[in-house]
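Copied over from TrEMBL, here are the features:
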DOMAIN    4-432  domain 'THIF-type NAD/FAD binding fold'
BINDING   19-24, ASP43, 51-54, LYS67, 112-117  ATP binding site
BINDING   CYS153, CYS156, CYS432, CYS435  Zn(2+) binding site
ACT_SITE  CYS168  active site, glycyl thioester intermediate
REGION    200-223  region 'Disordered'
REGION    532-625  region 'Disordered'
Amino acid sequence: MATQQQQSAIKGAKVLMVGAGGIGCELLKTLALSGFEDIHIIDMDTIEVSNLNRQFLFRRSHVGQSKAKVARDAVLRFRPHINIKSYHANVKNPEFDVDFFKQFDVVLNGLDNLDARRHVNRLCLAAEVPLVESGTTGFLGQVTVHIKGKTECYECQTKPTPKTYPVCTITSTPTKFVHCIVWAKDLLFAKLFGDKNQDNDLNVRSNNSASSSKETEDVFERAEDEDIEQYARKIYDHVFGSNIEVALSNEETWKNRRRPRPIYSKEVLPESLTQQNGSIQNSSVTDGDATVSAMSSLGLKNPQELWGLTQNSLVFVEALKLFFAKRKKEIGHLTFDKDDQLAVEVVTAAANIRAESFGIPLHSLFEAKGIAGNIVHAVATTNAIVAGLIVIEAIKVLNKDADKFRMTYCLEHPSRKMLLMPIEPYEPNPSCYVCSETPLVLEINTQKSKLRDLVDKIVKAKLGMNLPLIMHGASLLYEVGDDLDDIMVANYNANLEKSLSELPSPIVNGSILTVEDLQQELSCKINVKHREEFDEEKEPEGMVLSGWTPSPATNGESASTSNNDDAVDVTEISTGSENASKKRRLTEIQPDDHKKEAENVDSGDDDIMEIENPMMVSKKKKRVA
């Protein structure tokens, strides 16, 4: 039961919730029932049918509407006297700046991706507003408290990045189904429906030795008068037939590998599919309707059914036909979205056909979607538990009970007869480039790498900056913003295409760059180290950023990811002195059959599975005294 002081703090608090999905629905309900009377919610998503099984504030009639608005309306029906303001928007929009965050007493995160989490973390640091972070993945969950200068920030511990694979493995020698998924999603789908000017490692040229100059043009270019089905078959024969034959011509590659089998459409499909299903002519969907589905057109109903080669081929061709017949306006601008049914069908079918060619076991659409979206089964109960823990920590924050703050982890299996593992927070990591302003080190070939590579691969992808500004000494090399004139924009765009050493203020070995994001009020320095060569398999990006990893652990224990795959997290037992502190993995205090590996997956709500954030605890340093 809350004390009078706690009740007063709760009623007077102004709270910002970011995310109104799996955790968010539970959190808003719990906040309202706990006495909070001024709640603001930001969420850019709309409600989908797939959300209804666990996001209990939504009903079928709400499909297509704003999650934030519908959640607000639902809670106000049983708590009409409180103030709830909803924003159907992206938290990274410029209106949600530092001044916006400063009006709140605490920020509660229920987000579904790493990029947005990092953005909110930085705004909370700049605004000096406490942040309660959370996440769930299946039966695992976590709630952590972050207060500037007192506890570590969200980015004090390096978050695992999604696994990358060498290009040569993806394009030529896949051995796992995930290789086929990456090929289908990042190469084939991107080439078919994405930006045509973007670099792509997919072979697009005809290998017909007798071909004319016309036939050697990009196979993926479709003429205006070209029949859709014939175009789909042409693509099929090129990527699953001709390209495989080209790969087979390199005998050296297959000396110690299983040789793939070229597959052509005439081997698995009837001469004409139009009369067989007539889907396009008979479909009632309108141009641009994202609900169109090849499965529906072909009468396939069960996403967990394992399709054979013929069914996958039918789905692939049918999906391409539907994209060009019903969603033509989107072609050239699409990126893969796990919530786009037709996109998932294309990727699943293409991955399975490629897997069949390379002798790799096939997977159902249900399984393929999980791999493509890095998602795991949703457990509504975990969301409810985590929401309750968020509110408990928020109340402690409002009452300034710093000695009672806890990072709490939900376990799948009991440890010491407990499913909840509370741990004291840790001090800020002195090596954190976000809250401790520690310089980073970038190894890069300054003569070959362009400024665009630095911006895309490091500043945006790794440092998570949205509106970056890059300076070398007093020279401004790159900037993003609406207030730039045309001449400045042209100059910065020209700089993007120059190698680092050719810039107006050349970046060479020993250069120190200042990189800022004015929206996040974040600034860091990067020390540049020139390096000639990089290992293509181990360092596929051709550059290495360091200095943003956790500080080395004591007692000779590595601060990088443990070689013990079963190590879920690390706890620290203090014995009275800093030097005598010890660390223990959960696996050392759990029965062996209860070991559980935490995967690095980060995705949003899905109609099959859901994950809000990985259950992952890095090796820690000192706890808050």
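Here the Cβ of each residue, glycine as well, is placed from N, Cα and C on the backbone.
TrEMBL annotations: computationally assigned, not manually curated.
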### Query
So which other residues, same chain and not among CYS153, CYS156, CYS432, CYS435, have a Cβ within 8 Å of the centroid of the Cβ atoms at the Zn(2+) site?
LEU125, GLU152, TYR154, GLU155, PRO428, ASN429, VAL434, SER436
#### Entry: Cα-Cα distance linking ASN53 (ATP binding site) and CYS153 (Zn(2+) binding site), given in Å to the nearest integer
33
### Query
Going along the chain, which residues six or more apart from ASP115 (ATP binding site) have their CB under 8 A from its CB?
GLY464
### Of the binding-site residues listed as ASP43, ASP112, CYS156, CYS432, CYS435, the one whose CA lies nearest the CA of CYS168 (active site, glycyl thioester intermediate)
ASP112
### Message
Comparing the binding-site residues GLY19, GLY22, which residue's C-beta has the most other C-beta atoms within 10 angstroms in this structure?
### Response
GLY19
### Task
Work through the binding-site residues one by one (CYS156, CYS432, CYS435) and name whichever has its CA nearest to the CA of ASN53 (ATP binding site).
CYS156
## Note on the structure
Neighbouring CB atoms within 10 angstroms of the CB of the residue listed as 'active site, glycyl thioester intermediate', all protein chains considered, total 13
#### Entry: Cβ-Cβ neighbours of CYS153 (Zn(2+) binding site) (radius 10 Å)
24
### Message
Restricting to the domain 'THIF-type NAD/FAD binding fold' (4-432), what is the model's mean pLDDT?
### Response
86
### Query
Can you tell which of CYS156, CYS432, CYS435 has the most other C-beta atoms within 10 Å, given these are the binding-site residues?
CYS156
### Task
Enumerate same-chain residues with a sequence separation of six or more from ASP43 (ATP binding site) and a Cβ-Cβ distance below 8 A; give 'none' if the list is empty.
VAL18, GLY19, ALA20, GLY21, GLY24, SER66, LYS67, ALA68, ALA71, SER86, TYR87, HIS88
### Query
Taking the Cα atoms as reference points, how far is CYS432 (Zn(2+) binding site) from ASP112 (ATP binding site) in Å?
23
### Query
Using a 10 Å radius around each Cβ and counting other Cβ atoms from all shown chains, which of the binding-site residues ASN53, ASP112 yields the largest count?
ASP112
